[in-house]
């Protein structure tokens, strides 16, 4: 008997014996030895509460499948004054298995915590599980609120916020109206969350409906509320009303802040109205509100988009003189502006200045510079820049790889383009439509149409949403390689996939027909374009004029030229060159000479092709040019 006495007095952990109650060890033994009985009915709430307080979570987790909702609810009620402990208990009893009533009780207990994050997390899990609609969740939260004696509206406010964070704003709005029906006033922060979500989803009309409802309920707007509504007006393009709204908020006793003015300045600049933005900047200063880096960055961006790069640089210098520190975003705006203008020297100088100021270039910085180098076919320098980027610990992103693949595709280096495609996949970066379009373009230019078709089929099988640009690249390749049958089969496939063709699609097919001398078929395509509601452009008419001229059908060529004029398009250099070449080929030099005079009178400068055609057709160009210059 001695060994048994020793064991008895050792009181081995982690089991806790509670007087007049079955021990957790006994409950656990029962639950594992006889599953035919109902263990939860034999486990008392006190055992579970004491186990939670002594942090015996592994036992609670083991018992979890056998605990019914009623028992869990009782434990939660006993732990509601220690919400941290209740939350831990909730996490160990498989929250996803609880019924809606118990879930809402657990959420209500968690709402007593200082941080709203755990409550928001539980609410989002409940809403996303679709265990019940938000109306039912709202009602159950109301019942739990009463059971716990919670006097605030925090549960309803957090439910609305959870819906907003999940982009389920209509359900959030439903809860807003349920609060109103029960006589509860949502917090202004809750209303702001709804308004902000409507703004992000471009549902400006819904934002105004809600704002009007807030006004009726006498919910006092904060400066953040007004900033949202000013942003709504800016998104709707109502910039004057946005400015006037500042006066409205001031009349209601709310002073605008730097964000208020920055929102309007950014809206003006994004629409190319830099002078309007300057006016707002001056108004801002007159109210004693100092512009910040964002204010100036918006103006600099607007100037760069308007190709006013010198003014943008001056504004940038002024910003620094005022003691405002430019961010990487500001530098990137200037770098992008100069890259787009082809001034790589200035773009790289700003990159160097960034580094000198201790501001690290971002992936976007490198992407812009690499793209600009490719535009000038400086492949080696682009490669060096990518290496530098990686040496600095920056990983190429989806955009970087798209630029590299597109750049090498345009330069005809298919092997290098595909090597970057493979590298993308190895790194787990998914190619975009632009990436695939570049690869198809590269294969098409190298007459590797079987591979281009195979790649296209592979893209389709992957479920990538193909667009008109990708189809156009493939159609162009087949037209250039004389496979008009395949080109037209792709046009039919576009219709099947509901990808509407555009003017480029038809222009490409027309050029393919004209290349083969089938100008009538090309003419039929022009008519089909019109029937589809696609407006022909310069390329469409010039393609037909060139086709008829090469065949010597000058009456038809002139007829198309007249049609072109009647639709509002003026002849271009290509138009005149095609007509002059056609008339010279038909030995009608007089008409060609008249066309030369006409094009010069319209301010169109002849090029080498013009003069070569005239030399071939007329033999004596000097006299013609001399007479033209005297016109």
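Here the Cβ of each residue, glycine as well, is placed from N, Cα and C on the backbone.
The list of residues near the repeat 'PPR' (152-186) in space but at least 6 beyond its ends in sequence, with Cβ under 8 angstroms from a Cβ of it, reads 107-108, 111, 116, 119-120, 123-124, 127-128, 133-135, 137-138, 141-142, 144-145, 193-194, 196-198, 201, 203, 206, 210, 213, 217, 219. Here TrEMBL flags 152-186 (among others) as repeat 'PPR'.
Using a Cβ-Cβ cut-off under 8 Å and counting only residues 6 or more beyond its ends in the same chain, the repeat 'PPR' (187-221) has close neighbours at 153, 157, 160-161, 164-165, 167, 169, 172-173, 176, 180, 228-229, 231-232, 235-236, 249, 252, 254. Residues or ranges marked as repeat 'PPR' by TrEMBL: 187-221 (among others).
The list of residues near the repeat 'PPR' (222-256) in space but at least 6 beyond its ends in sequence, with Cβ under 8 angstroms from a Cβ of it, reads 188, 191-192, 195-196, 198-199, 202, 204, 207-208, 211, 214, 263-264, 266-268, 271, 273, 276, 280, 283, 287, 289. As annotated by TrEMBL, repeat 'PPR' applies to 222-256 (among others).
Feature annotation from TrEMBL assigns repeat 'PPR' to 257-291 (among others). Below 8 angstroms of C-beta separation, residues 223, 226-227, 230-231, 234-235, 237, 239, 242-243, 246, 249, 298-299, 301-303, 305-306, 308, 324 of the same chain, each at least six residues beyond the ends of the repeat 'PPR' (257-291), sit close to that stretch.
Secondary structure of the repeat 'PPR' (292-326) per DSSP (helix as H, G, I; strand as E, B; remaining residues coil): 26 helix, 0 strand, 9 coil. The repeat 'PPR' annotation in TrEMBL covers 292-326 (among others).
TrEMBL lists 327-361 (among others) with the feature repeat 'PPR'. Confidence across the repeat 'PPR' (327-361), taken as the mean pLDDT and rounded to a whole number, stands at 93.
Annotation comment: TrEMBL describes 362-396 (among others) as repeat 'PPR'. Here the repeat 'PPR' (362-396) has long-range neighbours at 328, 331-332, 335-336, 339-340, 342, 344, 347-348, 351, 354, 403-404, 406-408, 410-411, 413, 427, meaning same-chain residues at least 6 beyond its ends whose C-beta is under 8 angstroms from one of its own.
TrEMBL lists 386-493 with the feature domain 'Pentatricopeptide repeat-containing protein-mitochondrial'.
When Cβ-Cβ distances below 8 Å are used as the criterion, the repeat 'PPR' (432-466) is approached by residues 398, 401-402, 405-406, 408-410, 412-414, 417-418, 421, 424, 473-474, 476-478, 480-481, 483, 486, 497, 499 of the same chain, each at least six residues removed from its ends. Positions annotated as repeat 'PPR' by TrEMBL: 432-466 (among others).
Annotation comment: TrEMBL describes 467-501 (among others) as repeat 'PPR'. Secondary structure by DSSP for the repeat 'PPR' (467-501): 26 helix, 0 strand, 9 coil.
Here the repeat 'PPR' (502-536) has long-range neighbours at 468, 471-472, 475-476, 478-480, 482, 484, 487-488, 491, 494, 543-544, 546-548, 550-551, 553, 556, 567, meaning same-chain residues at least 6 beyond its ends whose C-beta is under 8 angstroms from one of its own. Look at TrEMBL and you will find 502-536 (among others) tagged as repeat 'PPR'.
Here TrEMBL flags 537-571 (among others) as repeat 'PPR'.
Here TrEMBL flags 572-606 (among others) as repeat 'PPR'.
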Helix, strand and coil counts within the repeat 'PPR' (432-466) (DSSP): 26 helix, 0 strand, 9 coil
